[in-house]
Structures are given as C-alpha cells and as structure tokens.
Amino acid sequence: KLTTPETIPTDLRLKHVNLEVHDNHTAHQTQGLSSRHLVVRRGRPFKVTMLLHGRVFNPQMKTLIFTALLGGLSVEIPVMLSKDESISRHSHTVHVCSPAKAPVGLPPSPHYQRDEYVKKDFGFLYMGTPHNVISRPWSFGQYEQGILEICLNILQVSPQHSKDKQGDDLLRADPVYICRVVCAVVCKLLCTLIVTRPQISADTSHADILKLWGRSNFSPVRYGQCWVFASVMCTVMRVLGIPSRVVTIFNSAHDTNGSLVIEEYYTNTEGEISMSKDSIWNFHVWVECWMSRPDLGPGFDGWQVLDPTPQEKSGVKGIRKRRYDALYDAPFIYASVNADVVTVIVRDGLVLGRSVDTQRVESHILTKNVGSDGPQSLTCAYKCNETTVQSLEVSLKIDKVLKEHVNAQTKEYNGSPQGTFWEADKQLHFIPYSEYENMLVGEGLLNVAVVIKDELTKERVLASEEFNIIAPQISIEVVGGDNIQQKKEHSALVSLTNGFAMPLSSAVLTAEGSGLLEGKDQTKVCLPQPGQTIERKVSFTPTTTGTKLVQASLAYNNSSTAIRSFHKVSVFA
C-alpha cells in the first residue's frame, strides 16, 4: 500500500503488480510447483514489479509499505528504495527478501543433495529381504497440478490449527513443529478406518492419494502400508521445502512394551504362531528429514527419523549413540534397529527350546543414493557395525529333490580339517512353484523354517530363512530413444511375457509418469497361456524438463501382488 502526508494529493494508486513468476521460480528453483502462484524460498530475494497510476511516484514524498499476511497475522514492512531498484515514472521493480533466521529445514550441502532431497520428484523404495532387495520406483509427484495447494491445506486441517490458529501460524517457521504436525495429519488421514485394498500394490504415485484427499475434503482414504505413509509424508515435506528421503529398515523390530526384546514363538511342527504383540517386519519404511534440533541440545542436528505410524520423530544420531532416553519416540525407534530376538519353541504350553539372536534386527538400512538409481546404505548411521548385503537367488519353478548331508570331522587349531568320524544323509522333496504361486500375497515373501529335535532330551533348535519370489519383468522401450523433447508427443512400447505356470486373468496394465502422462493409462489384458507375450503402445507428452520415469505395473488375478518396472528418460526444452 502507499501512504502519503495529509497535505499531498492522494491521486496516486496501485494499478497492477507483476510477481515475475517465471524469473522468480527460476532463481528460487521452484519451477513446476505451481503455474498459478508465486512460490519462493526463504532467505533469498525475489522481485515484484508495480505499475502505478496517477502522479509520478516520488519516494521522498511518499512511503511504500508491503503488508505480509498469514492467517490472522499481519506485518507491515516499509520499503527502502535504493539505487539497485529500477525506478521509472510509473513502473517500479522492488526486491524483497524474506528472513532466514528461522528457516524451514536445514539445507543439506552441497547443492546436488538439495536437488535430490527437495527437487527430485521420483525415487526408489527398497523392499523384500536383506538377501534379495527389490528396488521399486515411486513418483512423489510434487509438481503435478494441485499438489502444492493440497500440501499447504494439510497444515490448515491439522488439530493444532483448529485449536489455536494464531499460535499455529506463529510456529510454522519451526521445522520441528511442522514435521510433528504433518506426521500426525498424514497418519490420521491414512490409518483411520484402514482396509486392505487389493489394488494397492499396483499404486506407484502419491499424487493420486493427495488428490483424493483434496476431493474428499481431507477425509481418510484408507491406505495402510508403511511405505505409503512414509512416501506421502516425503512428498509433503519436499513441497514445503524440507529436505526429506524415504528409508527402508530390513528386519525391523516393533517393540510394543519397550523391553528392547522381541519374542517369537514356534511349535516343533506347525511353524510360527502368534503369542506375542511384538513382531519383526521383513522391512519397514519411514522418513528422514534434515533440520536443526535446538530442542534436543547440541550434537543432534542433521537427519531426523519421522515415522507416521507412531507419529513422533527421533534423531538418527541419538539412535546411534544409544540415547533411547531422548525426547519423543526414541525408545520405539531404537528398538526398531537394536532389539534382541528371542526365539522360543513351545508345545502344549511348555518351553522346549530358546535361543537369542543379537544380530537379526536391522540387518540393513537403505535409501536412494544421491544422483543415481542404486541404494545407499545408512546402517552405519544407526549402528556401529554394518553388515554386508548378500545376494540370494532361489529357483523354485520346478519340482526338486534335494539331498541333505551332515558330517562331523576333527580340526587342527589352525583350521586344517582332519578325518570324518560321522555322517548322515536324507532326501528332501520340494513342491514346484506352480503348486503355491496363487497363494502368494503382498511382495511375494516366503518363510522356510527347520526344527531339529533331540529325541532323548526333547530339546529343539530352530533355524529359518525368509526370501521373496522374483516376478517376471515388464519391458519398456521409448520409440526414438530416451532423449525426448518437452511438449511434443512421444510413445513407449510396454511388453510383458507371462512367466508364471498359471494364466493371468483379470489383469490391468497401468502406465504412468509424473511430468509425462496426465493421470494413468490403464488397459485390461489377458494372458491365458504361460509364455504368452502382450505389447501395448502408450503415448505421452512431457510437460516439464529433466530426468523422468516411465512406470508400468500389472495387477492380476485379483491379487495384492503386482509386477512393476520403470524406464528413465531425459526431457529437454
């Protein structure tokens, strides 16, 4: 607004304001977040151009004041014109810099980490088992139309804002506070009235979930997997400018009573049984956000754990330092990566055997590597000793007869083996994959357990191994090469060969890509015979530049299991 002394005629008014959206978005690296609104980052100046009508503006006679509004808060900022500002008779360009003394997030350094953890709109989730890690592409979708507004509205529907609007507005400069608010809202909107959806495994984008929130006035959308919770929160955090990444913890302990001990119960013949509320998930997914932590004292700045399920946050450094007495949900997070596992074999209420494993929990922690598609190990950030990822490939497609051989021999102190004094063997028959492939759920995980019994003492010893079945691959090929032009129509060939022993009926082939396709391209397909191949041509027109993912998935036989693949393209203007 313009203020003038009472003696000066007031025939000068503001006719138009140009927010210089294109130039400001380029300078602040916020291209693609919104085409309708100006989106700028804190601590960096942006420019606006004002067109005045009436008398010529004289800064010595008139005072220019900007008013910043947030909810019920209003702050007036006098503008000091200097030689750096562009001044003409009726057009004036002013540079405005928002304060950076309370930044939302502590920006990682160098710049390519900011590109990865704030600007990157796709990533990879890691699933399966520590011995057979599955890389799953995922689109965060923060540049899709309407996502910015939805993420900002998440703050408006929080309980904190409903109870104290002015207090909530004042605290929005604190990244710790924002993370707590978003974490609680994401948990509430996702976990209220959770039901299992058969098609959820085929979902590869959170833009659809966020848009569904917006259309339903932020009512629960009923998605329940941990990677959905974490990835939705990562999307919101990146939109709000807080550096974030999705992290997978393999063999993650869920300690419900805070004992730092997980108990598993087996019978000698029926496998694992449910006798404890504690559990070990094959993998669990949460979010890390980068920020300062003045509430925890010195030494805890950096990556912070946020898990939308327990709705709290804990510093990664506190977990590694075994500071499970720290604030918020540190004991739960500490147990997730450091609990001991006690395996108990029972029969008719009697304990027949017991063993303790101090290494099983948190055998590996992974996130997407900066600047590449491969995983980065974070295990050493949580624990002092880091295990090595091993590759375990199992072929179970055909009927197998295996011979088990056991022997005992003496050894010298230096490890040199001597003669064998006992040996035994036995044949084991494994059923073919075709006999149980239609029983697989989720990510196709299997558990095989072996119990050895002492016939004299009745004592049992158990060993088990978990692994996942490798699914057929979807092939994606972009016609004309992987370097494509923005705003020009292109096409991709998506093909799949039925590698199962059963027909794939009621199948839906889905193609999508943030910044490439508007929505999803879905086609009903049928592969009645094993070995049969289908091919589908998908047309798309890129709307934004940079590295993008063409993603494809196949949901089949009304199963929660899905086949997925991706292909990277480079879009240039």
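Just so it is clear, glycine is given a Cβ too, placed from its N, Cα and C backbone atoms.
All TrEMBL annotations are machine predictions without curation.
Taken straight from TrEMBL:
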ACT_SITE  Cys226  active site
ACT_SITE  His284  active site
ACT_SITE  Asp307  active site
DOMAIN    218-310  domain 'Transglutaminase-like'
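The two recorded residues, Cys226 (active site) and Asp307 (active site), show a Cα separation of 9 Å. It is 10 Å from the Cα atom of His284 (active site) to that of Asp307 (active site). In this model, the domain 'Transglutaminase-like' (218-310) carries an average pLDDT of 78.
A helical conformation is recorded for Cys226 (active site) in the three-state DSSP classification.
Cβ neighbour count for Cys226 (active site): 18 (other Cβ atoms within 10 Å of its Cβ, all protein chains included). Of all the Cβ atoms in the protein chains shown, 22 others lie within 10 Å of the Cβ of His284 (active site).
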